[in-house]
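Novice: Sharing a structure, written as structure tokens. Questions coming.
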Amino acid sequence: MIPYGRQDIDDADITAVVEVLKSDFITQGPAVPRFEAALSDWCGVPHAVAMNSATSALHVAYLALGLGPGDEFWTAPVTFVATANAALYCGAEVRFVDIDPVTYTLDLDRLEAMLVVAEAEGRLPKIVAPVHLAGQSCDMARLAELARRYGFRVVEDASHSIGAFFGNAPVGDCRFSDICVFSFHPVKIITTAEGGAATTRDPELAQKIELLRSHGVTRDPALMRNEPHGGWYYEQVALGYNYRMTDLQAALGASQMARLAGFIEARHARRAVYDEQLRGLPLQLPHQAEGQRSALHLYPVLVTQDAPLDRRALFDALRAAGIGVNMHYLPVYRQPWYVEHGFPQDECPVAEDYYARALSIPLYATLSEADQAQVIATLHRLLC
Ligand SMILES: *Cc1c(COP(=O)(O)O)cnc(C)c1O
């Protein structure tokens, strides 16, 4: 089966991990700061905090911004469940804002209309979390403008998006957001096995995130409530979660960061082949947003009405032909847990249409020419 995505681990990556295993520190050593410095450098942002997953990073990002019971948290429904789940961990009220039918990211017209109503009702969101679906952002400059006008904070779920650019600047520079979160799960652009990170320009937010990622414990006298009792002394000043990344993972991450530009290049080369060779089929191909360079985590195609097969039949036929297609995502509010907790089912018609017609075809840095040709030939055979 040709998978829809997979990691690329080379000998340098393996050597980097083995070196940590032979060293004095397999956690809380020098590899985590080294990985964080590589992330900061790439993103052009002063603070990057590595964690054991993007889910953890989202959770502490929301907490650092003060999200709590009674607060509204808004995000897109076409995302992995973690974007919304992490806000529920904080006790927030989650609402879903429909996606745009062309970019599949937050529909900012819809968001603005909802903000007008929410302002009149006195329940504006505390945080809006755009999701950079497939590796491309919504119009972050416009979102930042809305954030200023309506007083909400912005956390980017950039789990699909390390290596992407918005304008001339890398995603993660937080020019238009408070915090940006990346995932390093093996299907994403770079990997640390499990892993994630939060970036921010704000030193106070960075400090809060660092405390929460650990046990809320500090050895810095400036952060303590009392005079240190002696050289052994530390204080717990926040309720942390131990969401730390190990040095084994961070060494892998730092090694992968050196390869990031190449991974993105390779994805773009394969995207160009799909764009060229799938044209003319009854498929809506991914939109290339002006002024952006996508990280191309996914290549979602939407089956059009005139296709001889519907999405489900096409999905099954592709799987039967050894093509490991996937679907990203069932709108989160339709997950049984959300249904059981009373989330409205009828507020996001575009997400519904996307769910009815989308599938993700294989795209990753090491997808071979022969395998990609097989994906293309199979699509032609099934859809012509
Ligand atoms: C993968 C993913 C996450 C969660 O990432 P983990 O590192 O597995 O916790 C969150 N949001 C989106 C959009 C993702 O794709």
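For all residues, glycine too, the Cβ spot is worked out from N, Cα and C.
Pasting the feature list from TrEMBL:
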- Lys188: active site, proton acceptor (ACT_SITE)
- Lys188: N6-(pyridoxal phosphate)lysine (MOD_RES)
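Could you give the neighbours, burial and distances for every feature on this list?
Specialist: Classification of Lys188 (active site, proton acceptor) by DSSP places it in coil, neither helical nor stranded. For Lys188 (active site, proton acceptor), other Cβ atoms within 10 Å of its Cβ number 22.
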